[in-house]
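Engineer: Sharing a structure, written as structure tokens. Questions coming.
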Amino acid sequence: MILFKQVGYFVSLFATVSCGCLSQLYANTFFRGGDLAAIYTPDAQHCQKMCTFHPRCLLFSFLAVSPTKETDKRFGCFMKESITGTLPRIHRTGAISGHSLKQCGHQLSACHQDIYEGLDMRGSNFNISKTDSIEECQKLCTNNIHCQFFTYATKAFHRPEYRKSCLLKRSSSGTPTSIKPVDNLVSGFSLKSCALSEIGCPMDIFQHFAFADLNVSQVVTPDAFVCRTVCTFHPNCLFFTFYTNEWETESQRNVCFLKTSKSGRPSPPIIQENAVSGYSLFTCRKARPEPCHFKIYSGVAFEGEELNATFVQGADACQETCTKTIRCQFFTYSLLPQDCKAEGCKCSLRLSTDGSPTRITYEAQGSSGYSLRLCKVVESSDCTTKINARIVGGTNSSLGEWPWQVSLQVKLVSQNHMCGGSIIGRQWILTAAHCFDGIPYPDVWRIYGGILNLSEITNKTPFSSIKELIIHQKYKMSEGSYDIALIKLQTPLNYTEFQKPICLPSKADTNTIYTNCWVTGWGYTKERGETQNILQKATIPLVPNEECQKKYRDYVITKQMICAGYKEGGIDACKGDSGGPLVCKHSGRWQLVGITSWGEGCARKEQPGVYTKVAEYIDWILEKIQSSKERALETSPA
């Protein structure tokens, strides 16, 4: 019998690997060795998700079936680590193995919406209610502060007294304590991690107050904000108290106490100097933090197990080295004279059991911070995080200001700008499907990047050709969703100061509130205008879909769409901007939030523009890119 350890898998989200994004699963394969912990999960995808958010897990093996003498191992999720990023593989029927998605920022999401028919996910049953449907049961779980997963007995369940019963459950790990096949039972998880809870979102931070409730765990953090992020992703933390470096008890300095209570609310706070308290944000619909921390702390040293030390120029370079180094969770960059050479100063790469520093010291000559691996949102680490800062009511852009913008042009008798697009990888452009209505022929298209003025394009101007045009299989018209297309280029782009990719959002960003958004393009600057020579830009506010729907009563504004525009009109995307980017700056990064799709006229009052919501299509984008790579490998010479 195996020992299933009850571990706080979300204590830290700062573990890293450096072998690139490996999302494929290996059937009938089991990784040997490297054991970290074992839990129960209903399928391999959920096992992979748990591995991703475990501080040290790099690989996993899941047993979909088990030998008759080891039935307790069925649904076992075995989390593993490896210094090299790989482990020996053995054949085992029914086993499914794979990699953590820590290095796949675009796929990072704690949300798990799948429903499992015929399974009883067991745990501590703390509430039982009668409901009419599985959906209602899942909603009850999502809106109960303690519920982590649930089981619903259908009307065909063999015991009449339990039919249509909804059992709300929890465990110390946030995962089932066992899973058993049972007919007419259906199980699933709370959707709090999908930002669908209606509980509310207390964001208060209480300076000089402490909560005296039950501690579920503790970690070392540099400030209360990292403490809050750790609490948010811990399965049982509801609120926290953090003691600063000035706290009187030395052993508790920089300690983040993760707390809970039976009622789900903290007891009245106690006045304590140098204590900071607050709430988990896991019930928030709009303000969930990212599972990473960008800040570099000057004059601070993070202690932990040392992986490696190298010499680099500056703390930013040290953070980048940590991000790219296998297993590095945090780092310290030393400026001590004995730690500096001609090529740079010492960068110590470190890790710990829970992914947080084991100790933090101050007045150090240097600085410290965390790996940014889980902050990455695109396949390429080259996506643009910093820039120098159809558009009706817009202004001229400057060269290199929007380096992901491309012009899609058609060469027939003459050559004309038709649509915009966005660079998302060295060989990939994202644009709108409707750009190819009537012109679905790759050979007639030319793609220009790194340009500002269309008039600068001559016969000698380099351009990219289309190798593969991938229009969403469900696309019919722009007003009906799925207005998205991928272009694979014949040859990879060279990234320059003026030609770089934009970061893609993650699936978890579907409910993010963006406040700094821009549209760009060479399209008309008025409804009956003409294509502009200079790339135009305009800042534009997002409009809630509910409000947008009221403006377009003859259309359906779906969750795959996002609206933007001013109530009074005057600024909008227009003809020629189609397929171009709606970008927003969030947490220090520019993200491709929307693709210019359709609207009623241009910049009309009470008529916002409608954009394809990129976060809703991340899986589709990644699937098509991966499929293209696999086809290329199959056709390449041996």
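Each residue's number is its place along the chain shown, starting with 1.
In case you wondered, yes, glycine gets a Cβ from its N, Cα and C as well.
Annotation source Swiss-Prot lists active site, charge relay system at HIS434, ASP483, SER578. What Swiss-Prot lists as disulfide bond is CYS47-CYS77, CYS111-CYS194, CYS137-CYS166, CYS141-CYS147, CYS201-CYS284, CYS292-CYS375, CYS322-CYS328, CYS340-CYS345, CYS419-CYS435, CYS517-CYS584, CYS548-CYS563, CYS574-CYS602 (among others). Residues annotated as domain 'Apple 2' in Swiss-Prot: 111-194. If you look up Swiss-Prot, you'll see 292-375 marked as domain 'Apple 4'. Sequence annotations record features per position, and here Swiss-Prot assigns domain 'Peptidase S1' to 391-626. Swiss-Prot lists ASN127, ASN215, ASN308, ASN396, ASN453, ASN494 with the feature N-linked glycosylation site. Swiss-Prot lists 1-19 with the feature signal peptide.
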Engineer: What's the CA-CA gap between CYS322 (disulfide bond) and SER578 (active site, charge relay system) in angstrom, rounded?
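Structural biologist: One finds 40 Å between the Cα atoms of these residues.
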Engineer: Identify, in sequence order, the residues in the chain of CYS563 (disulfide bond) that are 6 or more apart from it along the sequence and have a CB within less than 8 Å of its CB; answer 'none' if there are none.
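Structural biologist: Long-range Cβ contacts: LEU542, VAL543, PRO544, ASN545, GLU547, CYS548, ILE557, PRO608, GLY609, VAL610, TYR611.
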Engineer: Go through CYS141, CYS147, CYS201, CYS328, the listed disulfide-bonded residues, and name the one with the sparsest Cβ surroundings, counting other Cβ atoms within 10 Å.
Structural biologist: CYS201
Engineer: With DSSP, how much of the domain 'Apple 2' (111-194) is helix, how much strand and how much coil, in residues?
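Structural biologist: In the domain 'Apple 2' (111-194), the DSSP-based counts are 15 helix, 38 strand, 31 coil.
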Engineer: Of the disulfide-bonded residues CYS137, CYS141, CYS194, CYS419, which sits closest to CYS47 (disulfide bond) by Cα distance?
Structural biologist: CYS194
Engineer: Checking the contact step here: among the recorded positions ASN127, CYS292, CYS419, ASN453, which have a Cα within 10 Å of the Cα of CYS147 (disulfide bond)?
Structural biologist: ASN127
Engineer: Quick check for the class: what is the C-alpha distance, in angstrom and rounded, between CYS137 (disulfide bond) and HIS434 (active site, charge relay system)?
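Structural biologist: Roughly 40 Å, rounded to the nearest whole number.
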Engineer: Please report the Cα separation of CYS345 (disulfide bond) and SER578 (active site, charge relay system) in Å, rounded to an integer.
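Structural biologist: So the alpha carbons of CYS345 (disulfide bond) and SER578 (active site, charge relay system) sit roughly 48 Å from each other.
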Engineer: Through the lens of DSSP with three states only, how would you label ASN215 (N-linked glycosylation site)?
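Structural biologist: Its secondary structure by DSSP: strand.
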Engineer: Just going by other Cβ atoms within 10 Å, which of the disulfide-bonded residues CYS77, CYS111, CYS435, CYS517 has the emptiest spot?
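Structural biologist: Among the disulfide-bonded residues CYS77, CYS111, CYS435, CYS517, the lowest count of other Cβ atoms within 10 Å belongs to CYS111.
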Engineer: Which residue counts does DSSP give the domain 'Apple 4' (292-375) for helix, strand and coil?
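Structural biologist: Per DSSP, the residues of the domain 'Apple 4' (292-375) fall into 16 helix, 42 strand, 26 coil.
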Engineer: For SER578 (active site, charge relay system), what is the secondary structure state per DSSP, taken as helix, strand or coil?
Structural biologist: coil
Engineer: Tell me the Cβ contacts of ASP483 (active site, charge relay system) under 8 Å, same chain only and six or more apart in sequence, or just say none.
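Structural biologist: ALA432, ALA433, HIS434, HIS472, TYR475, MET477, ILE595, SER597, TRP598, THR612 - these are the non-local Cβ neighbours of ASP483 (active site, charge relay system), listed in sequence order.
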Engineer: Between C-alpha atoms, which of these recorded positions comes nearest to ASN127 (N-linked glycosylation site): CYS77, ASN215, CYS292?
Structural biologist: ASN215
